[in-house]
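First comes the structure, then the notes that go with it.
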Protein chains: 2
Amino acid sequence: MTDAHPFKSHMERALTEARAAGARGEVPVGAVIIARDGAVLAQNGNRTRERADPTAHAEMLVIREACAQLGAERLIGADLYVTLEPCPMCAAAISNARIARLYYGAADPKSGGIAQGPRVFSHPQCHHRPEIYDEIAAGESEALLRDFFSGLRADR
Amino acid sequence: MTDAHPFKSHMERALTEARAAGARGEVPVGAVIIARDGAVLAQNGNRTRERADPTAHAEMLVIREACAQLGAERLIGADLYVTLEPCPMCAAAISNARIARLYYGAADPKSGGIAQGPRVFSHPQCHHRPEIYDEIAAGESEALLRDFFSGLRADR
């Protein structure tokens, strides 16, 4: 990766979505999908509470939005940026959508599905494994989550 | 399980949705969610092609529909019937939705996420594991899938 790689600005965009999610009372996770040509196809944050939908994780929302935009089930050549390690639901959706590269921030020992637990991409039942770049702006992502959950505890 | 258990009629409903999905040109998988009081909360089949949405598996659709109906992120006490072993995306969504009991038909050695591959419910990162009843009307479910895919090959 050269200095010119725009992954920092894409992850900054995902972090902005994570902060907006936290401000809505959602677990602060944000995601962005970038098309092969560099265009932002979709950006969103967690909306599980707002939509009363346990599938409305940031990654799921941007995948669905990007596919709707393109009218296609597959996002060939696209990159997904997300501030936290995806859970197994989102990891499998990333595989189903044929995302080319996955950039994520903080590891998620509690609910992660990639580097721990079910390791969704590490079985023959996974038909597409993206290239994976982890620990991108992980400190900022972790700080957001820590502040959010310590705020919840303080409210009690 | 007693003879009076209605799981056969619920799975028959899921099979009807699977057949309808196949007739639409979708992989023939169907799902149903039954509330604690026995009411049918949602029923649907795969719609990934129709909606250009790689997350539109039968299980995801019925979970989202049932949650929308109840205005809740969790389907406490509800049962999910699906004709095929869920993939890891759907398995994790079933866990997130706190489904009480999962009844499924055929095993899916190719893409399953429960009894093989990532075994989503079998890790500490899984925060809720439903009771699982497999091989319910598995023969009918398998025959539907086999006919569908042999039909696709014959079309070529």
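Each position is counted from 1, following the chain as shown.
Glycine is no exception: its Cβ is also placed from the backbone N, Cα and C atoms.
Nobody curates TrEMBL annotations by hand; they come from automatic prediction.
Because the structure is a prediction, the values reported are computed rather than measured.
According to TrEMBL, the feature active site, proton donor maps to B:GLU59. According to DSSP, B:GLU59 (active site, proton donor) is assigned to a helical segment.
According to TrEMBL, the feature Zn(2+) binding site maps to B:HIS57, B:CYS87, B:CYS90. For the recorded site, B:CYS87 (Zn(2+) binding site), the DSSP three-state label reads coil.
The domain 'CMP/dCMP-type deaminase' annotation in TrEMBL covers B:5-115.
Geometry remark: B:CYS87 (Zn(2+) binding site) versus B:GLU59 (active site, proton donor), CA distance 10 Å. The number of other CB atoms found within 10 A of the CB of B:HIS57 (Zn(2+) binding site), across every protein chain shown, is 29.
Around B:CYS90 (Zn(2+) binding site), a 10 Å sphere centred on its CB holds 32 further CB atoms from the protein chains shown.
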